[in-house]
């Protein structure tokens, strides 16, 4: 097996960790901005296979990352389920809201999502053909809790108050929504794999707001269900889970869910994560602070070396603790890659 990313996901400790970055196709790259302008708007870019494939390939051409991640958005799935979705300039995504059981039952079934998502699958097929043979192709979806927070509130929020309120005041409606999203997520990811994705990543951006039993019920349990269902259909499929800001919840997350790798944010130190999460055997992904992609310089070099050193005694995929920001300097990414690969 020559793909370093797949070797790490199978538990191999490598002398140089494979590297890719969350949001590596993004606004910090001039070529991305040009392609997005050509598309007209963000959703058109997601739903135009040639252009979505192009922006996925751009950072691979520029940096030679070990993995490419499908260019899409976690909110395409709720849109395919029937939610209205739009993006407001400077404000981010907006959606129609679901506040009760009637809203849940009005959603489409899991087998009715594929017409809307067909362009995403076509993007996957293009990339499976065009990516370099050494580059691993990652598909992805949002985890049910995070997707549900947007569907309930109609927008992102810092505290996910609307979702917590529905969870605590109308548990049947909340659980029905989680079930509907979980089932659809399984079908969506299965289609991505059938179209050529070699790995899938589960993004639970707001997992950190789930505490105690809620974390077990609504972060761990849905992840376990999705992972087990996908692995039953696609034996050997590697899965990366990212329960962002889970803190102590990162410990044992891979074992509890069946994920092959747990991605870690930069709110925990690499040394803590190496001891408590990686423990010499569990593949971890992370966890450089994205700020260094803006600031650069010797600080970037030293922080990068610290992450590599912390995780060098077990399987590790180098990434950031969160997505690269639009303010990042493309030259700092070059410096990052050169530092890791010892050039």
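Each Cβ is built from the backbone N, Cα and C atoms, and glycine gets one as well.
Small disclaimer: the values here were computed from a predicted structure and weren't measured.
Here is what Swiss-Prot records for this protein:
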BINDING   23, 24, 25, 26, 27, 73, 150, 205, 322  substrate binding site
SITE      73  site 'Transition state stabilizer'
Residues satisfying Cβ distance under 8 Å from residue 150 (substrate binding site), sequence separation of at least 6: 74, 75, 78, 93, 95, 156
For residue 322 (substrate binding site): intrachain residues, at least 6 apart, with Cβ closer than 8 Å: 22, 244, 265, 266, 290
Residue 73 (site 'Transition state stabilizer') CB neighbourhood, other CB atoms within 10 A: 17
Fewest other Cβ within 10 angstroms of its own Cβ, chosen from the binding-site residues 23, 27: 27
Cβ neighbours of residue 25 (substrate binding site) where a neighbour is any other Cβ within 10 Å: 25
Pairwise Cα distance maximum in Å, substrate-binding residues per record: 23, 24, 25, 26, 27, 73, 150, 205, 322: 23
Spatial separation of residue 73 (site 'Transition state stabilizer') from residue 25 (substrate binding site) - C-alpha basis, Å: 12
Residue 23 (substrate binding site) and residue 73 (site 'Transition state stabilizer'), distance between Cα atoms, whole Å: 10
